[in-house]
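So TrEMBL says this about it:
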- 259-350: domain 'Transglutaminase-like' (DOMAIN)
- CYS267: active site (ACT_SITE)
- HIS324: active site (ACT_SITE)
- ASP347: active site (ACT_SITE)
- ASN387, ASP389, GLU435, GLU440: Ca(2+) binding site (BINDING)
Amino acid sequence: MALDIERWNLECLFNNTDHRTDLNGVDRLIVRRGQPFTVSLYLRSGSYQPGISSLDCVAETGPQPSEQYGTRARFGLSSSMDTSTWSATVTSPPGDMVALSICSSPKAPIGRYTLTLGQSEKIEFVLLFNPWCPADAVYMDNEQNLAEYVLSQDGIIFRGSSKHTIPTPWNFGQFESGILDICLRILDMNPKCLRNPGKDYSGRRNPIYVTRVLSAMVNCNDDKGVLLGKWTDGYEGGVSPLVWRGSVEILRNWDTQSCQPVRYGQCWVFAAVACSVSRALGIPCRVITNYLSAHDTNSNLVIERYVNENGELIQSREMIWNYHCWVESWMTRPDLKPDFDGWQASDPTPQEKSEGVYCCGPIPLRAIKEGELAFKYDAPFVFAEVNADVVTVMKKKDGSTSKVTTIGLVGQMISTKSVGSDSREDVTHLYKYPEGSDEEREAFKKANHLNKLLQENPDPGLHVTIKVTSDMRKGCDFDVFAVVTNNTEEEKKCRLVFGSCAVSYNGVLGGNCGFKDLLNVQLPPGAGERVPLRLNYSKYGDQVTEDNLIRLAVLLHNYSTGEAKLAMRNIVLDNPEIKVRILGEPKENRKLAAEISLQNPLPEPLDNCCFSIEGANLTGGKIISERLGCTVGPGEDAKVKIYFTPTHSGLRKLVVDFDSNKLCHVKGYRNVIIGK
């Protein structure tokens, strides 16, 4: 006999808390697949009788629900719960209130669902991936990792250089108001969904498919994606990528502007937004930084680099980025042979097309490490980012060329935020074997990386390297050094050209910051020489970009052999520290003040100074800004007090940004423990 339902209670507070979705709010039902949830049914007449009462249930998602596509499931009452498929059972004793326990299939498509109970009662809920469920493809068996890679709403993205990593705070904000709906809208706006919604909604059962869709949709190059990338010629019509402190404002702007792309993004912004969306949908995800990242455009695993006779780089499409960011997502890979589950790299920054679309991945990290370049998706491009060989050629004024000896390391210090702390975790070993090891040679053989296999050790005769001091702050004058050593038994006469220029993080060159040309450097056998180059703020101050990077290059010409050797190094100038002091006892729903200050390190005044803060569950999903009404002179402090009201207890990250006419987008943060 069918149950006669009068009304129901979705028990959102209990269910959402049990499914770890309560930070999205408890005003609607949001559950994870493969895990039971409970609905209270109140009967109009009669009572529930075990073995006699019946209830037909139909769960549907998408505009064209179909049992064939897995977007429609029909099931009735069972005597016990079956967590491997859609099922329902009653957990209360006979009576006029029925506690109905429902479980979705751990392989069900994620998204918005309508559940029809009986003839006409319809309830609505959102279904997410479930990394706590062993039968889900995104299952992760470690509570600390799940707290970091799914539940944490803030993090650290590493920028700077391989020799000087700079932690940049980021507010992922995946549980802020409205963000989950925006993430589902991103899936709905993808071209595959617009072409064939039935097939696309069916594909949403598979985290491989969803991750690849996100890799395409976070950029807007082929679709109504979230961000427009820009790396050159200013940011008219939008804002510098360094303006962003988190993903929330970007996602909300895209949503409110009718899916028009937000201007502008660069690699760490693309990666951070992809991380926010992945975590919101329930896929464990983290942002990765690869220092000295190769952009190989012709898939030959070689970066051809050209310099002029002064050792200055000639701009070309193939470049080595100072760093490049992508994401890793955790999932099984049943489409590949065994042992390739776990972290998968995907890259939402639009660089090269894959299957006709600007997207990249997911590809197992193990496939990159083992040189398995035939595996899906885009293994050759990611392999080159961390393993490409670098060949440097000098183009002379007479049109001739000659090879330049240089040590070009690619794929260094691959970094991510550590679990449970703000320190850096080095994950290079997940991408590559130790340099020079037998395992590395085997991986190169498998990848047919002939250049690396044929590489000979450089001639130790003349050696050139670049040394720097530890104190290279923006606004200061300082020295950098070319160190030349003669390891032969005869005197060497050389020309040494030592140059510097501004450079953006992706390798685009700017103006000269300092130059020295020594025509007669004489090196006795076994001797060395240390040549300083002074970098003055008066010269580099107007040249460096917001990235605060300067490229140093030393070219050493051996007059007797005609051979040239090149050493290159990028240095990053430190911004001043932002100091944050919390005034009062931090408690949820109690107004707090943050006293924020920064000392002007420049030998000139700062105007139009502005501090901004944001933080998940700290600032109400908004950015709060405070502008100074005065000029800040050299050595003086810019100081403001900003008020905010935390909404949830726990460890939270307050992200701070300082901007002015001469010192742009300085980032800082303060971890705050909010009490109940």
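Even glycines carry a Cβ here, placed using N, Cα and C.
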Where ASP347 (active site) and GLU435 (Ca(2+) binding site) are concerned, what is their Cα separation in Å, rounded?
25
Within the domain 'Transglutaminase-like' (259-350), count helix residues (DSSP H, G, I), strand residues (E, B) and coil residues, in that order.
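Within the domain 'Transglutaminase-like' (259-350) the tally stands at 15 helix, 41 strand, 36 coil.
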Rounded to an integer, what is the Cα-Cα distance in Å between GLU440 (Ca(2+) binding site) and HIS324 (active site)?
23
Just jot down the residues in the same chain as CYS267 (active site), at least 6 apart in sequence, with C-beta under 8 A of its C-beta; none if empty.
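TRP321, TYR323, HIS324, CYS325, TRP326, THR349, ASN506 - these are the non-local Cβ neighbours of CYS267 (active site), listed in sequence order.
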If you draw a 10 Å sphere on the Cβ of ASP389 (Ca(2+) binding site), how many other Cβ atoms land inside?
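The Cβ of ASP389 (Ca(2+) binding site) has 22 Cβ neighbours within 10 Å.
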Tally every other Cβ atom lying within 10 Å of the Cβ atom of ASN387 (Ca(2+) binding site).
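Result for ASN387 (Ca(2+) binding site): 23 neighbouring Cβ atoms inside 10 Å.
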